[in-house]
Amino acid sequence: MSSQKKVSSGNTTPSGLAGLASPLNDQQINLLQQISDLSPQQLAWVSGYFWGLSQSAAPSAVTPIAQAVSAVAAKPAGKLTIIFASQTGNAKGVAEALEQEAKAEGIAVQLFDASDYKGKNLANETHVIIVASTNGEGEAPDNAIELHEFLQSKKAPKLPNLQYGVIGLGDSSYEFFCQTGKDFDSYLAKLGATPFIERVDCDVDYDASAAQWRKQALEKVKDALSAGVEADVVQLPVAQLAAGHALYTKQKPYAATLLTSQKITGRDSGKDVRHVEIDLAGSGITYQPGDALGVWFENSGELANQVLAKVGLSGVESVDVDGESLSIHSALVSKFEITSSNPQQVEKFAQLSGSKKLLKLVEEKDKLREYAGNTQLVDLLAEKQTKLTAEELVGLLRRLTPRLYSIASSQTEVDEEVHLTVGLVEYDVKGEKRFGGASGYLAQRLEEGEQVKVFVENNNNFKLPADDNVPVIMVGPGTGIAPFRSFIQERDNRGAEGKNWLFFGDRTFTQDFLYQVEWQKYLKSGLLTKLDVAFSRDQAEKVYVQQRILENAAQVWQWIQEGAYLYVCGDANRMAKDVHQAFVAVAEQEGKMSRDDAEEFINDLRKAKRYQRDVY
C-alpha cells in the first residue's frame, strides 16, 4: 500500500485517516496530528475519551480534540491498572472505590474484571493492584480462575518492571483465609515483580481496613506515576461515568418495604423456609436474574440483653461508634455482629476471661475454627462469667455486615418488587433457641409494612446465556432454588426457546418441595423441559441431586454437547463439591475421557462461563 498522504477538500489528513473524507478543519487536523507520537496506552485513552464525548449531547466551549490532546500531552505516561477477582461483588466494590479515589488524586487508572484481563499484558504494566476475594476452600473466584492458573503456568512472563499491591478479602473463620490474595502476591513475586506496598488481608468487616490500605497505596502510586507535569484529569461525560452505576449501594441502601414473609415449607417440616416479597416501587432499582439482594438487618433486642447480662452490663452504658454516642444496647442491635463468633473473638475472650478451656482451644487451630463456626457470642461469653466494660465488649465484636440473598424473581415478571427465598437458621443450645441474624430478622421480627434497608449486588459470574436458544441445566437443592425461579421467569417472559432442566432436592416431597405448584405449571406448559428431584428422607436410602445427575448421565452429556450452560446454587461445603464430581464423572463416562481430562473439560466449561456457581 502506498504511504502517500491523500489530499481531500483542501485538508491534509494524518496517514491513519488516508482515504477518508475528513469533516475536520485545518486547525483540528493540526491538533490531531499531535497524537501521532503517543504510546498505545495513550491512544487507547484518547479513543475512549472521544467515544465518551460522542455519546454526550452537552456542548463545550473547548474543542474536544484540543482538550484531549492537551490533557494527554500533560499526563505522565504511567497508569494504574486495577484488577478485581470477585465472587459476590465485595472485591469489585473495593476495586471500584479505589478507581474513583485514584481519579480524584489525578492518577491515570483503568479497571478490569479478572475474566477480561489477559495475563500476558502484565509484562507491559508498571503498576498493578489486585483486589481478590477467596471462594470455597481457598479457590479463586470464578472470574479469576484463568488468570490464577496462567500466573502459575510456564506461559507467564517475567515481570521485573512491574510494581504491584494486593488486597485480599476473606473470612478468618475459614482455614484458607484470603488464600487467593496470598496466591496472587506469591505468583507475582516469583515472576520478578516488586510489591510497592505490603499485602493486606481483610476480614468480613473489611470496610475500614480496606479504606486505610487504599489511601496508603494511592499515596505511594501517586508519587511514582506523577513524575511529569500534573494536569487536571479529563473525565468522561458524567452520563458515561454513571452508566450502570447503582442508585443505591451497600453504603447507601434503599429503605424498601416488606410486603410479605410467607412460610413455604409444611407444618411438619424440620425447616422454616420463607418466601419474602419486598416492594421497590419508586426506587428506580433494577436487577438481573443471578444478582443478589443485600439486606441490612437489626439484631434481636432480647439477644442483646442476654449478651449484656453475661458481662454484667445494664445496656445504658455509652459507647462511641463512628463518632456517634450510642447506648451499648443500641450498638449491639444495630452496629455489631452478635449472632456468630470467630477465632479472633474466641482468642480475645480467652485472654480476658482466663478460661482454661478456651485458652487450650486457642492452641488447636482446627478445633478453634470448628468451635467458632458453631458458637454464638452469647454462648462464648457463657464459658466463663466475666465482667467487661462496654468498651471491652465492643472490642470483641465485628461490625455488622449485610447478608446477601440470591434473588428469586425476574423484574419481567414482578416489576418493582424483589423476591427472596430465606431459610431460617434455627438450632438449640442447652435447651435454648438460637436464630440467625438476618434470617431471624426477615422471618420473625420484621412486620409486613415495615422498612428494610436493601441494595442490589450484581453478580456477573451467574448469568443466563445471552442466546435464548441455548439449553440450561440448573442444580439447586434447598434454598439454592432461588435464582432458578428468577431464571425461569425471565426465560418465560423473553419467550426463550432454549430447553430448561431443573434438579431440585430437599428432605421430603410433602413438606419441603419449594415452589412445587410453580414448577409443575412450568413443566406442564413445556417451558421446563425436564424436572428431576431427590428427597433424601422419603426412602430408607438417602438420595441427593448428584445421584440424579449420574442417573441421567447420557442425557446430561447430550445437553452439554448441544451447548448447555450448567448452573449450581446452594451449599458450598458438600453439595457443590459432590455435584462438581458428578459432572466430572459424566464427562469421564459419556465422553470416554480419563479422569484428569474430564476434570480439565469441566474446568474449561467454567472458564468459558458455561459452568457457573453461586455457592455459600
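Just so you know, the numbers here start at 1 and follow the chain as drawn.
Placed from the backbone N, Cα and C atoms, the Cβ positions cover glycine too.
Since we're looking at a predicted model, the values are computed, not measured.
Per Swiss-Prot, the features are as follows:
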- 86-91, 133-136, 169-178: FMN binding site (BINDING)
- Thr339, Gly373, 403-406, 421-423, Tyr427, 436-439, Tyr616: FAD binding site (BINDING)
- Ser536, Arg537, Lys542, Val543, Tyr544, Val545, Gln546, Asp578: NADP(+) binding site (BINDING)
- 80-218: domain 'Flavodoxin-like' (DOMAIN)
- 251-465: domain 'FAD-binding FR-type' (DOMAIN)
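Secondary structure from DSSP puts Ala438 (FAD binding site) in a helix.
Of Thr339, Tyr405, Tyr544, all annotated as binding-site residues, the residue with the shortest Cα distance to Gly89 (FMN binding site) is Tyr405. Non-local neighbourhood of Lys542 (NADP(+) binding site): Ser536, each in the same chain, at least six residues away, with C-beta under 8 Å from its C-beta.
Each of the binding-site residues Ser133, Thr339 was scored by other CB atoms within 10 A of its CB, and the lowest score goes to Thr339.
For the domain 'FAD-binding FR-type' (251-465), the mean pLDDT of the prediction comes to 96. Spatial neighbours are here defined as Cα atoms within 10 angstroms of one another, and by that definition the neighbours of Gly136 (FMN binding site) among the binding-site residues Thr421, Gly436, Ala438, Tyr616 are Tyr616. The DSSP secondary structure for Val543 (NADP(+) binding site) is coil. Of all the binding-site residues given, namely Ser86, Thr421, Ser536, Gln546, the one with the smallest number of surrounding CB atoms inside 10 A is Ser536. Rounded to the nearest whole angstrom, the C-alpha distance between Ser86 (FMN binding site) and Tyr616 (FAD binding site) is 14. In sequence order, Tyr544, Gln546 are the residues near Asp578 (NADP(+) binding site), counting only same-chain partners six or more apart with C-beta under 8 A. Helix first, then strand, then coil: DSSP counts for the domain 'Flavodoxin-like' (80-218) stand at 57 helix, 32 strand, 50 coil. In sequence order, Thr339, Leu424, Val425, Glu426 make up the list of same-chain residues 6 or more apart from Gly436 (FAD binding site) whose Cβ falls under 8 Å from its Cβ. A Cα-Cα distance of 33 Å separates Asp171 (FMN binding site) from Arg537 (NADP(+) binding site). Around the Cβ of Gly89 (FMN binding site), the number of neighbouring Cβ atoms within 10 Å comes to 23. Max Cα-Cα distance over the annotated NADP(+) binders (Ser536, Arg537, Lys542, Val543, Tyr544, Val545, Gln546, Asp578) is 18 Å. Val543 (NADP(+) binding site): 16 other CB atoms within 10 A of its CB, across all protein chains.
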